[in-house]
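What follows is a short report on a single structure.
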């Protein structure tokens, strides 16, 4: 009798039982990674300069302790409006992934141009809201990747998936830090440009906006539909692609004929998605996103807060470089280590490892405050703890690949992957909407009123980490 094997059995013991890995469809897979880059670019580019932008528009009236509140509100708006548009993923199950992605990329591009041209707080609010409302690409792209893969290569695919986020994590903060206020940073190049003096944050916003426009064109010309029989037929548009590329997408052939799909291969009703497997996977994705977004929101705010208030007092360019360093390291770690770690430990242990890392990550903040206040500035010891925090946060990213595998496996059938991802994304968007506003506002309140020595926010975040660990324990051993 052969020994029982599950996903947590060490790889060397099951190697003889492991089926041959199916090759990934590299051309389409690369296109999907390219399209996914638009999302982190547009979200990450504002992080280095957002605290300074809030100061510049005057909404805080010079009160430094209120900056965090407004920064968190703007960071949360994208996810709040995105949570209200979960229908994009479910719609894509029926009309196809391509039309939804085209709509999302158009929304990203237009809203980022508007964000760069906004000179009032309410202009920023409207732009950021449109950014989330018109974009449902996160869940849709995950659905495409699930439809491109099978059980033998899904871990490999999700190991590459963070390339886009890591690249965006490198380029976004770098662009935001380097190109914000170009007339001040590069007076010999832009000192006489009245437009950039009037709109000092347009240039960093225009870069991801233009990239999203290019991604729209790439999607229209080259991306093939993965839904078996979308009800929204675009045969003429797709035939025009044939003239340009010499190929025709299978979606156009599908739309030219009527295909009878068995009931068990059709998208299931929404109520059937509300089963234990889906809810546990979606709940863990939500708690992971909550602790992650709270950390990502507070980190640049903490870096920019003056030393006398317990922060590091760093300029936007330095903050951008630090966030870019994390993005670069994260991409390398994900590409070379996620699949191996997942094969050896399995999805559950990989996920729990990342969640557990948030405890020392959050603990680094009060330690850094103690160091800079007692030494009157950022010392080499403080930089050591900044580096430690960045390194520890790399393991948090491993949890995303693990939970994506759980979510894909929880879908009732392949035709419902979009709806399953959409439900998961809705819970995540709600948490990501709450996370930045709540954590940054709590950061400001802790600093203003010195609750628990100014460290109340970190105690709350540690409590959320404990909750996430409890939720992680509910995941099944095997996805």
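Even glycines carry a Cβ here, placed using N, Cα and C.
TrEMBL lists transmembrane segment at one of the ranges 22-47, 48-73, 74-99, 100-125, namely 100-125. From the options 155-177, 178-200, 201-223, 224-246, the stretch TrEMBL describes as transmembrane segment is 201-223. Segment annotation: TrEMBL labels transmembrane segment over residues 383-407 (candidates 383-407, 408-432).
Sequence-distant contacts of the transmembrane segment (201-223) (same chain, six or more residues past either end, CB-CB distance under 8 Å): 28, 31-32, 34-35, 37-38, 41-42, 45-46, 49, 53, 98, 101-102, 105-106, 108-110, 112-113, 115-117, 172, 175-176, 178-182, 195, 237, 241, 244-245, 249. Within the chain, the transmembrane segment (455-475) has long-range Cβ neighbours (under 8 A, six or more residues past its boundaries) at 280-281, 283-284, 287-288, 290-291, 294-295, 298, 347-348, 351-352, 355-356, 358-359, 362-363, 365-366, 369, 406, 439, 442-443, 445-446. Averaged over the domain 'Major facilitator superfamily (MFS) profile' (28-479), the predicted model has a pLDDT of 82.
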